[in-house]
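Heads up: the structure comes next, in structure tokens.
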Amino acid sequence: MGVGGGPRVVLCLWCVAALLCQGVAQEVVAETTTPFATHRPEVVAEENPANPFLPFRVCGASPTGGEIFRFPLEESCPNTEDKDHIEGIALIYKTNIVPYVFNVRKYRKIMTSTTIYKGWSEDAITNQHTRSYAVPLYEVQMMDHYYQCFSAVQVNEGGHVNTYYDRDGWNETAFLKPADGLTSSITRYQSQPEVYATPRNLLWSYTTRTTVNCEVTEMSARSMKPFEFFVTSVGDTIEMSPFLKENGTEPEKILKRPHSIQLLKNYAVTKYGVGLGQADNATRFFAIFGDYSLSWKATTENSSYCDLILWKGFSNAIQTQHNSSLHFIANDITASFSTPLEEEANFNETFKCIWNNTQEEIQKKLKEVEKTHRPNGTAKVYKTTGNLYIVWQPLIQIDLLDTHAKLYNLTNATASPTSTPTTSPRRRRRDTSSVSGGGNNGDNSTKEESVAASQVQFAYDNLRKSINRVLGELSRAWCREQYRASLMWYELSKINPTSVMSAIYGRPVSAKLIGDVVSVSDCISVDQKSVFVHKNMKVPGKEDLCYTRPVVGFKFINGSELFAGQLGPRNEIVLSTSQVEVCQHSCEHYFQAGNQMYKYKDYYYVSTLNLTDIPTLHTMITLNLSLVENIDFKVIELYSKTEKRLSNVFDIETMFREYNYYTQNLNGLRKDLDDSIDHGRDSFIQTLGDIMQDLGTIGKVVVNVASGVFSLFGSIVSGVISFFKNPFGGMLLIVLIIAGVVVVYLFMTRSRSIYSAPIRMLYPGVERAAQEPGAHPVSEDQIRNILMGMHQFQQRQRAEEEARREEEVKGKRTLFEVIRDSATSVLRRRRGGGGYQRLQRDGSDDEGDYEPLRRQDGGYDDVDVEAGTADTGV
């Protein structure tokens, strides 16, 4: 409150100042002959603008006309009590972002058709294509029960029924065996791991081979709410719900209907290597699609999937109620959860899948605090601003229960006190349309919400609690201190009201106690440059009388008359010189004037000191406050990395790893359509094909005939080879080889015998005949003549036979002979005949025809005896 005097107060002060200072000025003028000069103090208010007592001023209180005040002696301190806190168990449930994961079995038959070219040194695959076909139910049962299948597949393609046999053989039972894999979530069983790519043995021919492989894939599938489709681990998307319709035989939703779908009850799927008797019977869906079949366990949505999942549970949580919200905190996490005051209606009906789990978790948490706390009412459910659900079970301390029971003489120590609020089993019904994140809304928009708001809320709650605690203590201490200060000022005002009121107002004022109130008026500032202090403190004309404070001279602002007074405390000028005392010996005095301190010894000025050279006595009491404790924020994972990885129905990592591993480990030859062109393996066939194409229809006929012949011989050779591959044919081949070896050995032995003794081999009994009596062998000359005669006889018979055959063939000349004779005649005519003419045969023997050419020595002219030809010069 500002204090200001009226015009009358100012006028009175001026009059009083003029009357008092007029006589003093005359005395000051009379003292100008004193040997001690005066000292003019320095007043620089700008050096310390925070100190309002530096300027020289004149203060005087008027008994009337000033402002009057009184001190308040009755004060009430404000109430700083905090909000109500309730202990309890808190279970926090979050939205389940992990899709529904279940096991499926995929069945298919893979037909691979491979065309191989048989080259001279290398073989080449010129074409290869693979098709996948669905497996019917009767064969799927063989796969699920016994891990067997048929090695053939019969399909209807373009209106034609085609049958493919594995290894181009016949239909037989094949056994499934585990295949190599990379990921543990996918297991394959197959019947034929190798591609049939063996060419025929006929060179420069093409062969088509067929491979049929039965494959069963055990893997997982995923479906996300609203469960309109699901995706397998290998990337197949099935546009239907995986769940069974309530009281139905089909899935809940079917966006694209398969070729057929059946519900199989009490269907057993055995494990590999385990008998059918140990399989568990279950209800399964079986669907046939375009190129594969699929089966999975049929369950309802309510029994298999839940929209909420437990995140964290706390047995020592605190609930704080504010004006429009509830705050839940726990020491285990640095987060505070804010919820409306209203409870969630029909939570146990909306989320039946977790309600039983909620009761079990509450019982587990109760066991942790059963020695100190008891339940206080039933569980309540609240929904946070981050789409989390808090199941709250209030607790009460056992000591409070016992005290309350003794107070009201209750026999049951576990009864809840009537003053403690309990929860009624009946909850207020709310509009279910306002409840977001329900289990049957069909929307999957309730996903992960950032928990940063919860952490900020926790930090704010901790800061608010700490600050409110400090402010509460300060408020109470401040209130008590102010009350005590009022009492102290009231008592001090009776002694020196001016000092008390100046301290209270924070600026120089003049005060006077008039009864039970204090009259306050302002001070008047003087001309600061006109103020000077006397160095002599003795009263003139009186040797034993001295001033208690130095005498000063000053002028009022805009005034020319000089006034005298005494230097008061804190630069105040007293408008009188009546403050005197009996002079004392060996005394010192220090007085502050302006910004300096004057030292007087024996009432005479000695020196000037700076205010900073004199130490100060601190009477301030330091307020010791406990600062707000540090809070280290920790990242709270609402959803773990595993949950985030599983939140997508497409497991891209597993799909690509499995696909790459499966394609890179196929046992067989790779597809290579341009192999023959790039490497020149069948250039001859290509050239021959171009020639036949140029021939047109004739070329096609030749190619067809040649292809038929080659195919016939190829089939014969392949049949022979296939026969030898058969066990019976192989045994027969081994027997024939052994028989041939024996025959060759016998023939070689007989040949050596004939070479060593030909007569004995021809006539085995010749040796016995030579031993008979009367047998005499002929001479060697006779034997030689006989052999020569036999040789000539044999040669003559052979010559006669050849002559007879020539006579028979003479009139039957072939086309080749006619062409040869014609060509020979043309050549002879072009060369002029060479002077030769054909010899005529007159029926004589061969020797007679050439008799004129015989020489005297028995030879023939121009005849090469060894070669048997004549040099005719042609």
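For all residues, glycine too, the Cβ spot is worked out from N, Cα and C.
Keep in mind the model is a prediction, meaning the values are calculated, not measured.
Annotation comment: Swiss-Prot describes 116-122 (among others) as region 'Involved in fusion and/or binding to host membrane'.
Under the heading region 'Involved in fusion and/or binding to host membrane', Swiss-Prot lists 200-208 (among others). Only residues 6 or more beyond the boundaries of the region 'Involved in fusion and/or binding to host membrane' (200-208), in the same chain, are considered here, and those with a CB under 8 A from a CB of the stretch are 113-120, 126, 682, 684-685, 710-711, 713-714, 717-718, 721.
Among the features that Swiss-Prot reports, N-linked glycosylation site is placed at ASN247 (among others). In the three-state DSSP classification, ASN247 (N-linked glycosylation site) falls within coil. Around the Cβ of ASN247 (N-linked glycosylation site), a 10 Å sphere holds 6 further Cβ atoms from the protein chains shown.
Annotated N-linked glycosylation site per Swiss-Prot: ASN281 (among others), in sequence order, evidence recorded as sequence analysis. Around ASN281 (N-linked glycosylation site), the same-chain residues at least 6 positions away in sequence with a Cβ under 8 Å from its Cβ are ASN266, TYR267, ALA268. In three-state terms derived from DSSP, ASN281 (N-linked glycosylation site) belongs to an extended strand segment.
ASN302 (N-linked glycosylation site) counts 13 other C-beta atoms within 10 Å of its own C-beta, drawing on all protein chains shown. Positions annotated as N-linked glycosylation site by Swiss-Prot: ASN302 (among others).
Here Swiss-Prot flags ASN348 (among others) as N-linked glycosylation site. Classification of ASN348 (N-linked glycosylation site) by DSSP places it within a helix.
Reduced to three states, the DSSP call for ASN356 (N-linked glycosylation site) is helix. Residues within less than 8 Å, Cβ to Cβ, of ASN356 (N-linked glycosylation site) and separated from it by at least 6 positions along the same chain comprise none. If you look up Swiss-Prot, you'll see ASN356 (among others) marked as N-linked glycosylation site, on the strength of sequence analysis.
Taken from Swiss-Prot, the feature N-linked glycosylation site applies to ASN376 (among others). There are 21 other CB atoms within 10 A of the CB of ASN376 (N-linked glycosylation site), with all protein chains counted. Taken residue by residue with DSSP, ASN376 (N-linked glycosylation site) is part of neither helix nor strand, so it is coil.
The feature N-linked glycosylation site is assigned by Swiss-Prot to ASN409 (among others), with sequence analysis given as support.
Positions annotated as N-linked glycosylation site by Swiss-Prot, on the basis of sequence analysis: ASN412 (among others).
Under the heading N-linked glycosylation site, Swiss-Prot lists ASN444 (among others), citing sequence analysis as support.
The local packing around ASN558 (N-linked glycosylation site), expressed as other Cβ atoms within 10 Å of its Cβ over all shown chains, amounts to 6. The annotation N-linked glycosylation site is assigned in Swiss-Prot to ASN558 (among others).
Classification of ASN610 (N-linked glycosylation site) by DSSP places it within a strand. Positions annotated as N-linked glycosylation site by Swiss-Prot: ASN610 (among others).
Summarising the annotation, Swiss-Prot assigns N-linked glycosylation site to ASN624 (among others) and lists sequence analysis as the type of evidence.
According to Swiss-Prot, the region 'Hydrophobic membrane proximal region' annotation covers 673-725.
Feature annotation from Swiss-Prot assigns topological domain 'Intravirion' to 749-874.
Cβ neighbours of ASN610 (N-linked glycosylation site) (same chain, under 8 Å, six or more residues apart in sequence): GLN596, MET597. The two recorded residues, ASN558 (N-linked glycosylation site) and ASN302 (N-linked glycosylation site), show a Cα separation of 99 Å. In sequence order, TRP355 are the residues near ASN348 (N-linked glycosylation site), counting only same-chain partners six or more apart with C-beta under 8 A. When pLDDT values are averaged over the motif 'Internalization motif' (836-839), the model yields 53. Spacing of ASN376 (N-linked glycosylation site) relative to ASN247 (N-linked glycosylation site) is 42 Å (Cα to Cα, whole number).
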